[in-house]
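One structure is given here, and the rest of the page talks about it.
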Amino acid sequence: MRFSVGLGKEGAEERLARRGVSRRDFLKFCTAIAVTMGMGPAFAPEVARALTGSRRPSVVYLHNAECTGCSESVLRAFQPYLDELILDTISLDYHETIMAAAGDAAEAALHQAVANPDGFICIVEGAIPTADNGIYGKVANHTMLSICSDIVPKAKAVIAYGTCATFGGVQAAKPNPTGAKGLNDALKHLGVNAINLAGCPPNPYNLVGTLVYYLKNNAAPEMDEFNRPLMFFGQSVHDNCPRLKHFDAGEFAPSFESEEARKGWCLYELGCKGPSTMNNCPKIKFNQTNWPVEAGHPCIGCSEPDFWDEKSPFYES
């Protein structure tokens with residue numbers, strides 16, 4: 001199923017306008033993506049060109065063991081809404097959550113997209129159960145392990161979206177009876193080298209920024225030791241936290257209900273994992289509105305490997 005008709009170079013503004021997206025809103029969105037990529041507002045025109053170019057890549061979005069929160073994060077993005085822009089920039093040919101097709105028709109759409117002679121980008125959400133040959137997770141009577149083993153190596157670019165897909169997430173928490181693994185770990189024998197966009201949930205602007213980078217450069221961005229793009233994961237949450245001045249001053253909230261917490265004092269002594277967590281949450285926030293620490297909740301380190309085990313307990317008293 002194709003959800004988009006494409007923007008193309010000709011009439012891009014007119015197509016956006018028909019969907020209720022003004023030129024101002026579009027450029028505001030492009031500026032936000034440019035800032036997320038660490039390029040600054042001056043890079044916004046390049047983002048706009050990438051998003052309205054004639055190349056409209058086919059995208060196959062696979063679901064494994066997950067809660068669909070990563071998809072929800074993308075679908076609830078605004079300025080503009082996803083269906084007003086992103087689905088006109090890519091050809092989303094398979095996504096189990098939002099596609100109209102079901103059953104055999106959905107399976108046919110998947111295989112048709114994979115057979116696209118121009119290739120496709122594969123986005124993977126969710127951990128892959130690997131124990132007992134992957135029998136603990138199936139779609140259409142095929143194990144998630146076998147589906148990913150078949151589809152993912154054929155893609156020209158692969159993005160693991162969310163901490164479950166990147167590092168296994170909660171499914172991989174001890175004792176991990178299903179043998180859940182992140183994509184690169186589960187398929188390392190096939191040479192899969194996915195771009196890891198960690199987070200629980202991940203920020204949709206990081207996904208758009210990655211797609212923009214790929215559309216412009218036909219290559220993956222520079223990544224860290226965990227295959228996370230440095231333009232999003234190059235600094236710790238602590239480095240850009242609005243409460244950093246209180247940390248430096250030794251001002252720590254003693255409890256969540258304290259006056260100090262209401263004044264915005266540092267949450268480190270209440271369990272905040274910001275100093276050991278690489279992510280750009282403070283820079284872009286969610287929907288450019290808010291993020292956990294600013295809302296009064298400690299960072300739980302959700303973009304780090306094995307955070308359910310390694311970062312717990314999430315709170316200190």
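Glycine too: its Cβ is placed from the backbone N, Cα and C atoms.
Sequence-distant neighbours of CYS200 ([4Fe-4S] cluster 1 binding site) (same chain, 6+ residues apart, CB-CB distance under 8 A): GLY69, GLY162, THR163, CYS164, GLY169, VAL170, CYS302, SER303, PHE307. Annotation comment: Swiss-Prot describes CYS67, CYS70, CYS164, CYS200 as [4Fe-4S] cluster 1 binding site, evidence class similarity to another entry.
Annotation comment: Swiss-Prot describes HIS238, CYS241, CYS266, CYS272 as [4Fe-4S] cluster 2 binding site. Within the same chain, residues at least 6 positions away in sequence whose Cβ sits under 8 Å from that of HIS238 ([4Fe-4S] cluster 2 binding site) are LEU244, PHE247, GLY274, PRO275, THR277.
Long-range Cβ contacts of CYS281 ([3Fe-4S] cluster binding site) within its own chain (separation 6+, distance under 8 Å): ASN203, VAL237, TRP291, PRO292, VAL293, CYS299. In the three-state DSSP scheme, CYS281 ([3Fe-4S] cluster binding site) falls into the helix class. What Swiss-Prot lists as [3Fe-4S] cluster binding site is CYS281, CYS299, CYS302, and the listing cites similarity to another entry.
Per Swiss-Prot, signal peptide is recorded for 1-49.
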With the fewest other Cβ atoms within 10 Å, the residue among the binding-site residues CYS70, CYS241 is CYS241
Check: min Cα-Cα distance from CYS67 ([4Fe-4S] cluster 1 binding site) over binding-site residues CYS241, CYS266, CYS272 goes to CYS272
Out of the binding-site residues CYS67, CYS266, CYS302, the residue with the smallest number of other Cβ atoms within 10 Å is CYS67
For CYS164 ([4Fe-4S] cluster 1 binding site), the three-state DSSP class is helix
What DSSP gives for CYS70 ([4Fe-4S] cluster 1 binding site), in three states, is helix
